[in-house]
Structures are given as structure tokens and as C-alpha cells.
């Protein structure tokens, strides 16, 4: 869940127009547009170059469609992850590098943890969050712990043979990956919390966009969703030895990064808008929330698509 604060331009008033902020009971100096997993049905208005009020209609769509989407995704993820774990148990010797049994089991744990939190977010959107601030922060901590763990697993498995067998070396690497992932998820918890909207919501950003917690969280997300996939692609193309050792199994694990890359770009643009480094036009204001929400929805699909892809490649 992520809360954007798009600062509005000055409201243009004239003798023939109504002050929309007064009708809606909003402060004329601040606009709020909620995106991703926490929105209230608020129509924002600010002036474009033609002094025409600009309305954001994303909230109503999000609140109506998001719970159903999350429920379906969670069910599909449970089936895919369960089937993958069953295949790991039934055919333990059929998994070799780069799809070693230990690595795939950890990816399954990561996607399972991520999918387990989807019902809580669906309830938060549909009925309001009643569990309090601490459970909200814990939910975002676990959510991003799973994401960073999967990203580090994909990164270490792409060109490192440490996962080829489950021995003391790979066990130490696994402990380091999950430990670092938990540490990297702490800023996400610190920048999340509950807010009062149409109902109480558990959101990703309950702090200012320039707060240290959110800036650190943003930097980590950009490293995971943008810099890591770019580095893997460049290294594969530039180093002949790595290119020669590339296998289809590595490409399947990269599906995680491919699905989350658009959201990483969306976060970067969102920060530029919040920091006023980019001045949003009316069209940007109306449509950017849709783009950011859809990109995060695409990333969420990894929890059902990655297990299915790993299972399909192994079965083929």
C-alpha cells in the first residue's frame, strides 16, 4: 500500500465558478490521492493550464476491484506454491542447478509468505484495518522481507553455483540472504502505518516523502526492482563466460524481476512528482495513479506466476 500526496497548484476562483474544496471540505493548500493498496474515494481538484478542475477517479475503481483481485491471486498462489512444494518432495533428485531444490524451496517460501499477507490487505481495503498500527507495520515488514529475500535469491542464483547442493556453504548463504532481507525490510515498516480515510487503512507511506525512512526504503526498492535486473542483464551480455553459462532456469527466476520492474519505475516517477521535481499536468494527475496501481498489481502476480513457471519448466 502506498499513499501519494500530490501537491496541487493554486485553485483558480472566479465569479462564475464554485470553490470545489469548500464543497468537499478539503484544505485548499493540500491535495491527497491514495494509490495502490490504500485509497479513499476523494475527488481532487486543482487547476491545469486552462483553469479546469482536474479530478482523480482512481480511488473508486481501486476499492471496488482490488479485494477481488487479491483474493484470486492469493488462491492461485496457494495452488501454485503447494504444487511446487509437492514436486520438490516427490522428486528431490530432479532439481539441479540453477533450479536446485534448496533454492526453489526458498523461493516457494518467499512467494508463500507474500501471498499469505494478501487477505489482510484485501480486508484493509474493503472493510478497514482494525488490527492497529503495530500489526500494520509488521505486515509491511513481512511483505517486503519476502520481496527482498526473493530478489537476493534470484541475484545470487543467476551466476553463483553455491545453490547447486545443500551443504554448509549454501546454508550459510541462505541464512545471510534471509537475514539481510529482513534488515532491508525495516525501512518499509518504519514508513508505514494506519490513517483515517473513509475507514481506517493500513498504508505503505504514513510519513513525508522526504523523511529518512521513506527515502531509504525508496532507494532499496529501486536497487531491487531496477538496478539489480539491469546489472544482471549487462553482466550477462558483457561477460562471455557468464553468457555461455546462461540457462533457461535462470531466465525463469528473472521473471520475478521482470514483473516488478515497472513498479520500480513508477516509484521513481512518483518520488519526482512528490518532491516537486516534476510538475504534474492535469492528465498526469488523472492517470498516474492508474499506472502505478497497475504496475504494482503486475508485481503482485509474481506470487502465482513464478511457482507456475518453475514447475512448468521442470516438468517439461
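Placement of Cβ uses the backbone N, Cα and C atoms for every residue, glycine included.
Through the fold, the transmembrane segment (69-89) approaches residues 95, 101, 104-105, 108, 111-112, 114-116, 118-119, 121-122, 125, 297, 300-301, 303-305, 307-308, 310-311, 314-315 of its own chain, all at least 6 residues removed from its boundaries and within a Cβ separation under 8 Å. The transmembrane segment annotation in TrEMBL covers 69-89 (among others).
Marked as transmembrane segment by TrEMBL: 101-122 (among others).
Below 8 angstroms of C-beta separation, residues 96-98, 100-103, 106-107, 110-111, 113-114, 117, 173, 177-178, 180-182, 184-185, 188-189, 217, 220, 224-225, 228, 232, 235-236, 242, 245, 250, 253-254, 256-257, 260, 302, 306 of the same chain, each at least six residues beyond the ends of the transmembrane segment (142-166), sit close to that stretch. The annotation transmembrane segment is assigned in TrEMBL to 142-166 (among others).
Annotation comment: TrEMBL describes 173-194 (among others) as transmembrane segment.
Cβ atoms under 8 Å from those of the transmembrane segment (214-239) belong to residues 144, 147-148, 151, 154-155, 158-159, 184, 187-188, 190-191, 205, 207-208, 246, 254, 257-258, 260-261, 263-265, 267-268, 271, 299 of the same chain, restricted to positions at least 6 beyond its ends. TrEMBL lists 214-239 (among others) with the feature transmembrane segment.
Panel annotation: around the transmembrane segment (251-273), residues 2, 4, 6, 35, 98-99, 107, 147, 150-151, 153-154, 157-158, 209, 218, 221-222, 224-226, 228-229, 232, 280, 284, 288, 291-292, 295-296, 298-299, 301-302, 305-306, 309-310, 313 of the same chain, lying at least six beyond its termini, place a Cβ under 8 Å from a Cβ of the stretch. According to TrEMBL, the feature transmembrane segment maps to 251-273 (among others).
Residues 2, 35-37, 58, 62, 69-70, 73-74, 76-77, 79-81, 83-84, 87, 99, 104, 107-108, 111-112, 114-115, 118, 150, 225, 248-249, 252-253, 255-256, 259-260, 262-263, 265-266 of the same chain, all 6+ positions outside the transmembrane segment (293-313), place their C-beta atoms under 8 angstroms from a C-beta of that stretch. What TrEMBL records for 293-313 (among others) is transmembrane segment.
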Outside the transmembrane segment (101-122), six or more residues from its ends: residues with CB under 8 Å to it:
1, 37, 66-67, 70-71, 73-74, 77-78, 80-81, 84-85, 88, 92, 95, 131, 139, 142-143, 145-147, 149-150, 153, 157, 163, 165-166, 170, 174, 177-178, 202, 253, 300, 302-304, 306-307, 310
Near the transmembrane segment (173-194), which residues from the same chain, at least 6 beyond its ends, have a CB less than 8 A from one of its CBs?
1, 102, 106, 129, 132-133, 136-149, 151-153, 156, 162-163, 200-207, 211, 213-214, 216-217, 220
